[in-house]
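Heads up: the structure comes next, in structure tokens.
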């Protein structure tokens, strides 16, 4: 019997076959991931938990009446806290809610953030950094204070400070939103790596590894697996994240809430220098801020997903890879919670957990936790960057690795 | 035969990698617990709550009252000396404690600057403040105690502060009677001691449960991954190997929790040495303790409940997870189970253990409701494993 | 004595074994059948891992399920895909199996020494099994099946992964063991069965087709198996069994119902078990 020594098909035909196969291989890999029932169960649990956190706050006895009153007030008196608003509010029938809301809108900062001094706050932070022996960081802090002051002037000029938002519930709403965003980040941090590890390492469970890697596509199959892992992790996070603004909008139904500025003086943040308005580096509405936060959460999930992919290829043990990813995350969070020296905090903060630890103050000044505007975004992007590099390096190593 | 199988299964649980993971969780938990101490208080000066609690002895008696009053007089004299040395105080005509407060009231009413005399930074101010606080709460009589405790019961039942709520449930009423009868024999234990034990104890419990689960949840899945069940089931021990695995899970969980609880209790006991024999029924806190424990007994109670929680929840978790087809499926089940267990322990079992403020009292207002809940979970776990063992006898070997 | 009485096994509507009746006494029994014929299913039922849909399996008249640990205590089982703990040494792994089998520690240790010597792993007794070759793992598997000195050995593909020297060693072990116990083994290496099996059990269409000695089975083909030149047309009634290579010459091994005319290149050969397998299961 004659033996074939020439590969079947022309070069063009073989290349075409590879291209055509790419789509079908990805489809098979995708099929493997989406047909895991436990994955959908986990996703459903995440959605339930996040919804419960939002709904539980909105309907809890302590806040339900205040929420309804804020909605009525916004409908009757408008969504800009000016003299006309205060008069209209005072004219509403006497009640505990009216009195509490009147006190709230008249306390804290005045119109245009009157009573707030960014430069003074910056000087206070700088003094702390000087005391720690970091004069360069102190200088940066003063510089940042100047940028913040110009932001405060801009926001005051646009009237952002006078938006009613959710009235006295604005701080609560922001707090709940921050908690839910943190929850989605943690869920993404867990689910993303699990999906990636299943995509990358699932063949080993069924002892298909030798077969797959000895095929024509061979180790190039790993590229498809990584792509499917990233896409599915992203999709899972998006499913979780998409539900958040939806549920918020259903529960917190106050006219003008989601289009009002997140830098409204209704939102006061407790900091080391005292009460501070929520001044963001760009103009955000409440809805826009929530979506931007969830967007940053996506980058956060991506970082951990890429890390898991790299480890999945290098360690060849799914449990160990997952353990290392989680250990990295926990160590990063512990560092952010217990390190007090500013320089050490900045250096150890070049990892994704920096963002999680500061989730309640994203896109704002963040006191001594940030030296630069948008630092949480920059750090997360850097994290995605170096994990992407790790993934590429791991992929290269995988090409030459013995597959025992 | 069975003992050797049991020991072999124990050996499979206590392997290096899971031990390292449990140790890592222990270290993180210890970090959090260590940061949940409230033994140094005071807005301006660091007041050692333990030293303060031990100063006048374990029980507040008439002799103690006299000693406190004597110290109060000394402290007021020291404050008067500090005022005499303060130019701002001399200028304002403030000479002693009473005249300082009169001056402060006038300044506040007139909208003036009441911080012109910086009394808060003075140790004599802190001392007088804490002694007056002590006397105010220690001197409450039986009926005032009853009223406070009844309010507490109504609050736990969901009524607003101060609103009446009808008859007090039987067990709570009996306990209130006991505490009222002890009105003259309460301790002066600072609330910082109790809150330290409760907060760090809650964290310790979560750590114990998570360490236990990390050690025990993966064994059966690992066996299935390694295709051991066919050998195990075909042996003399047969399918009952699963029961021995469950027993090993329970013992390992209890052992891990005992280690965590002991380390925590020992660490805190050293710090609380001066007040270990002091009763937790203190005049300086309004929450009702269900038991007449000392501080040492309270530490032991927290550690013991941690062991029970780890045993019960690890057995339930191991049953839920059992032998999944692969590690990914196992993680997708084990993580939500672990989170649920952690939340249950942190927010329901470990929160204000042994006190009326524990949230479980809303469901069943009896002493030891936390232990009852855990015992019920343990019974459920045993029932689940018993049924599992029965059903397994007729179950065929699954496809790997 | 082990008896399989009217055993039927159905999986999700598909009958894998139907009304199987077999009796096993001392000696070696080889299960021979194509893949999917029900060999492993039968072996798993004998090992109590699966349960008959109908019928019963009895040991000395007693139902093996009802006997529970008394039956499993006299059973030694080597599954087709044998699992182990990679970080255990053979000694540790065999101790674990001994514990499962209820063998006392002191006796188990002596037994382990002997078995490791028997399977040629005495030098590797304390090395981690993750460093072993497939053949070494398989030898550990054989050793664990013998740990409790079983009266009944069930071996599913026991020579998979063994080199010829190891297969010979294995055949010798089985030969010695079969003197006073029942050994049931399944394998695709037909030559192994020819040399050690006293009886061959052939399964077809979910039923027992034959249960006979190799000599009887092969004897039915006596005078009907020929070697002819490769490419020679077969003609009616004849069947190609296999092709054999002699250097550069290819010859065909065929079945002919009638004797062939003698010629230089046409020779009668002694039929073997593989010929019988191919005849019975060929299309």
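Even glycines carry a Cβ here, placed using N, Cα and C.
According to TrEMBL, the feature transmembrane segment maps to B:201-220 (among others).
If you look at the transmembrane segment (B:241-267), the same-chain residues 6 or more away from its ends with a CB under 8 A from one of its CBs are 2, 5-6, 9-10, 12-14, 22, 26, 29-30, 33-34, 200-201, 204, 207-209, 211-213, 215-216, 219-220, 223, 232-233, 235, 299-300, 302-304, 306-307, 309-311, 313-315, 318-319, 385, 388-389, 392. The transmembrane segment annotation in TrEMBL covers B:241-267 (among others).
As annotated by TrEMBL, transmembrane segment applies to B:299-321 (among others).
Sequence annotations record features per position, and here TrEMBL assigns transmembrane segment to B:328-349 (among others). Note on the transmembrane segment (B:328-349): residues 202-203, 205-206, 209-210, 213, 217-218, 221, 305, 309, 313, 316-317, 320-321, 358-360, 370, 373-374 of its chain, located 6 or more positions outside it, place their CB under 8 angstroms from a CB of the stretch.
For the transmembrane segment (B:369-387), the residues of the chain that approach it from at least six positions outside its boundaries are 243, 246, 305, 308-309, 311-313, 315-316, 319, 348-349, 353-354, 358, 360-361, 363, judged by C-beta separation under 8 angstroms. TrEMBL lists B:369-387 (among others) with the feature transmembrane segment.
Away from its own ends, the transmembrane segment (B:201-220) comes close to residues 9, 12-14, 18-19, 21-22, 25-26, 28-30, 32-33, 36, 242, 245, 248-249, 252-254, 256-257, 260-261, 264, 299, 302-303, 305-307, 309-311, 313-314, 317-318, 321-323, 327, 330, 334, 337-338, 341-342, 345-346, 349-351, 353 of its chain (Cβ-Cβ under 8 Å, at least six residues beyond either end).
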